[in-house]
Amino acid sequence: MSADKFYIEKELSWLSFNERVLQEAADKTVPLIERIRFLGIFSNNLDEFYKVRFSDVKRRILINREQGGNDISKHLLSKMQSKALKLNERFDELYNELIRDMARRHIFLVNESQLDEAQQKWIIKYFQKEVLPHITPLMLTDEIDVLQFLKDEYAYIAVELKQQEQAKYALLEIPTDHLPRFIMVPEQKGKRKKTIILLDNIIRFCLNDIFRGFFDYDELNGYAMKMTRDAEYDLRHEVEYSLLEQMSEGLSQRLTALPVRFVYERDMPEDMLKYLCYKLKISHYDSLIPGGRYHNFKDFIAFPNVGRDYLENKPLPPLACADFEGYANAFDAIRNQDILLHYPYHSFEHITELVRQASFDPKVVSIKINVYRVAKNSRLMNSLIDAVHNGKRVTVVVELQARFDEEANIEWSKRLTDAGVHVIFGVPGMKIHAKLLLITRREEQGFVRYAHIGTGNFHERTARIYTDFSLLTADQELAAEVRGVFSYIMNPFRPIKFRHLIVSPRNSRSQLYRLLDREIHNAQAGKKASITLKVNNLVDKGLISKLYAASSAGVKIRMIIRGMCSLVPGLEGISENIEIISIIDRFLEHPRVLVVHNDGDPQVFISSADWMERNIDNRIEVMSPVRDARIKQRIIDILSIQFTDTVKARRIDKEMSNNYVERGNRKKIRSQIAIYDYLKNVEKHTRKQKGQVEPNDNNE
């Protein structure tokens, strides 16, 4: 059997994942406005795909061409382009379908040719007052380097000014940094009709108001376009440059990087298209994609609901964790027993409140945290600044190389440093992706450490839409090893042994192999053996080979993979014992969890790391055992609920068909809703045991 049959290219698997996102937009059981927002999510994902995955393959082609290598990457690029074009065609079909569905509910997304006289007058006034001050045409001439001025991933209108047989060209940036993309057009009182127009179409309607009096023309035409640049950048690892300076320079490289995709309105004249491709230095390896009138569909993630409540998902108020209740402070609660939070079902407020309390608690002497992505106006980060003002020793490890969050992290680094926080940037070339918080208190018996080990970021906003686990513990063995991780970050060459935590790149590969080998050995000895894995991405060939070996030995393997999956299930004699599902729903599945049967004494681990070579060998990641039996069972229960999903689970197979899982039972189980109900009952039971009153749902 060829190696290709054992391994699905991660880029094609990623496109298959985005197809699952598109399935949500097609699902008529999903509320209408949410379906439109899934189109925005699909588009945002595809933008990132071209900036990262597509760019990487293109780079490999150019390197192979210089070195005289083979054309495997060319073949892959061709397959990627073909699949992406098919998905775009399906996207266009769904968009038109959803526009019709909205109209049936008296919501109209109109263009500039569909306005009545009263609406036209309102649009002209709105344009003159709100839009025109933000519009400055960029006139295209042979002397101007357009690439120097065009912004990555911004929507533009390419304007053709025709006079007889001559044509001038200009570019207009759609100013969504200053104005909303979707504008409600006032209707007569009493009308049920709701009319929305895109900012793009307001500009199209008023093109004459921009150019009249400055240029002579007989005809004026506008066409949508967007360019995607390569997102990679090179860092100069030189002694005289700090990492902060290197990152700032790297981001400047990204601003002027060559394009990898050019999307244009399919009605654009051929001469205009050729001229723009010439000015943008579009090569035959890049994706040239004809599209509709609108680009930057990622803005549709924030599409407004101007209709009835039923057009959106029913709210699921975040649950208050009862384990914190009845204590004077969060530290007393954590010292009593380990606490597991599962977002967004639980409120992230518990973490911001923990850090707030630590910022002024007289017993707290130090706080250490590592930051990968945080909210723009993060209360948690502001509490760290408050802690310094209150005399606490605060150390923040900021990952400057968090893709697409680099600028925000640079800005936070400056604010923290100015406030007196000890800011560390880690090791150049090795991202720090662990999710750790360590608070040290001086108590009666001496110093006591409280640790947070998580699967997701300390980000107040994404914690409302990403599912993740946070383990809070006063287990001094685990807390000491969390302290050891911070020491390792500050001095990666210092020998540190981890007995409980599994830490990349120190021991993750060897420890994961050890855990999988033990299940293989148990199966070969005739014992029951099983592996349950949940990750975002599974593409590491070494770990995939080990999973194949486990399946061949008779180990039962069940996996939940949200995104890329290069393992091929269902291969005779190789992966017959492997079942893989993927769940796409209202929340983005993000935890990394491993459960091994361990001869009847299950071990449960939560982790920040996906099963990718970069996460196992080239990043600082932390995987922690769950030692509290109560929490272990809770995580196992949550995974079990997901494997019973009959609504949102798709089966991952070698054909990447994305078929929904059919389980033969009539009862519909939507796992995310079932998990919410399960955790709600857990909190209710905990309060009952404590003799406490259940909080009102409105305050949860």
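First residue shown is number 1, and so on along the chain.
Glycine is treated like the rest: Cβ placed from N, Cα and C.
The active site, phosphohistidine intermediate feature in Swiss-Prot is assigned to His433; the stated evidence is sequence analysis. Look at His433 (active site, phosphohistidine intermediate): DSSP puts it in coil. Around His433 (active site, phosphohistidine intermediate), taking its Cβ as the centre, 21 other Cβ atoms fall within 10 Å, counting all chains.
Other Cβ atoms within 10 Å of the Cβ of Asn45 (ATP binding site) number 17 in total over all chains. According to Swiss-Prot, the ATP binding site annotation covers Asn45, Tyr466, Arg562, His590.
Look at Swiss-Prot and you will find Arg373, Arg403 tagged as Mg(2+) binding site, backed by sequence analysis.
The annotation domain 'PLD phosphodiesterase 1' is assigned in Swiss-Prot to 428-462. Computed over the domain 'PLD phosphodiesterase 1' (428-462), the whole-number mean pLDDT of the model equals 94.
Residues 24, 34, 313, 344, 433-435, 453-456, 465-469, 471, 502, 504, 508, 512, 515-516, 518-519, 522, 527-543, 560, 562, 621-626, 631-632, 635-636, 639, 648, 670-672 of the same chain lie 6 or more positions beyond the ends of the domain 'PLD phosphodiesterase 2' (585-615) yet place their CB under 8 Å from a CB of it. Annotated domain 'PLD phosphodiesterase 2' per Swiss-Prot: 585-615, in sequence order, evidence recorded as sequence analysis.
Distance between Cα atoms for His433 (active site, phosphohistidine intermediate) and Arg373 (Mg(2+) binding site): 9 Å, as a whole number. In the three-state DSSP reading, Asn45 (ATP binding site) counts as helix. Cβ neighbours within 10 Å of Arg373 (Mg(2+) binding site), excluding its own Cβ and spanning all shown chains: 17. If you take the C-beta of Tyr466 (ATP binding site) and look for same-chain residues 6 or more apart in sequence within under 8 angstroms, you find Tyr343, Pro344, Gly456, Asn457, Phe587, Leu588, His590. Sequence-ordered, the extra residues of this chain that approach the ATP site, with Cβ no more than 8 Å from the Cβ center of Asn45, Tyr466, Arg562, His590, are Asn536, Gly563, Leu588, Glu589. Each residue contributes its Cα atom, and for Asn45 (ATP binding site) and Arg373 (Mg(2+) binding site) those atoms are 18 Å apart. Taking H, G and I as helix, E and B as strand and the rest as coil, DSSP gives the domain 'PLD phosphodiesterase 2' (585-615) the counts 6 helix, 13 strand, 12 coil.
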